[in-house]
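Peer 1: What TrEMBL shows for this protein is this:
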{"type": "DOMAIN", "residues": "39-236", "note": "domain 'TLC'"}
{"type": "TRANSMEM", "residues": "6-26", "note": "transmembrane segment"}
{"type": "TRANSMEM", "residues": "46-66", "note": "transmembrane segment"}
{"type": "TRANSMEM", "residues": "78-95", "note": "transmembrane segment"}
{"type": "TRANSMEM", "residues": "107-123", "note": "transmembrane segment"}
{"type": "TRANSMEM", "residues": "129-153", "note": "transmembrane segment"}
{"type": "TRANSMEM", "residues": "165-191", "note": "transmembrane segment"}
{"type": "TRANSMEM", "residues": "203-224", "note": "transmembrane segment"}
Amino acid sequence: MGPYLWLVLSSTIGCQLLYLGSRGFFTRYSVTYQKLSPVKKIDFAIHIVSLVHALFCVIAIVPMFHDPELAKDRLFAWTPYSSSVLSVVCGYFWWDVFMTFRYFRNFGIGFALHAIGCVFVFTSCFRPFLHYFAASTLLFELSTPFLNIHYFCDKLGYTGSRLQLVNGILLLVTFFAARLVNGPILTYSFVRECWLRRDESSLLAASLFIFPNLALTSLNFFWFSKMIRSVRARFKVADIHPEE
């Protein structure tokens, strides 16, 4: 990680500046935001940072899918570009760890463990290890912008709007494609590659990636069912109305 440590730190600092800036902006310009509780104001700003990070991931991973250097060696290949992308991602999750522990009473152990797990996985990529599969893993973020927009609609008074309806449909479609379809394929490809090259890689190291990945894939099915109920609930309690 040495040569890229500055980028990791820059990403972490950038996330904090974005968090503070978004709080200041909405405090000044959004009456609805001003009425939120202190905890919800914090959560709102965290969602802003999450949205920007997800958009970065979705755009930045595109060249990694078409990189012949990464495709040559799916376990150990790396490039300056892939390392830079993962540095930014790693910096975000270090910031996430900081925030979940700073507001531990508000967010609980689940968010803290998720942040720690992500830091472990993406920091381990600097061995180098799994840059090729990191692109498919970050594809999970495809649904995150829509999840955040769904959240913003609720907090800014657009619950039950056509905007939330269209966004909800896109949320379910992208979550299904990126996580429920891509997730199992990613897990199978990764396990198969590790097994075929078991003499080259540490099974212990591989298992530290495999088991969290299996757990996350299983959770994705559970979260998808909750998302369906959440989206449907918005339109049972309110008629669809145009955005104001």
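Backbone N, Cα and C atoms are what each Cβ position is placed from, and that goes for glycine too.
No curator has checked TrEMBL annotations; they are predicted automatically.
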Peer 1: Is the transmembrane segment (107-123) in contact with the transmembrane segment (46-66), using at least 3 Cβ pairs under 8 Å (sequence separation of 6 or more) as the test?
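Peer 2: Taking Cβ pairs at least 6 residues apart, the transmembrane segment (107-123) and the transmembrane segment (46-66) are not in contact, as fewer than 3 fall under 8 Å.
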Peer 1: Any residues 6+ beyond the ends of the transmembrane segment (6-26) with a Cβ under 8 Å from its own?
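Peer 2: Distal contacts: 33-34, 41-42, 44-46, 48-49, 52-53, 84, 87-92, 94-95, 98-99.
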Peer 1: Same chain, outside the transmembrane segment (78-95) by at least 6, Cβ under 8 Å from its Cβ: which residues?
Peer 2: 1, 3-4, 7-12, 14-16, 19, 49, 53, 56-57, 60-61, 63-64, 67, 69-70, 115, 118-119, 122-123, 125-126, 128, 131, 134-135, 138
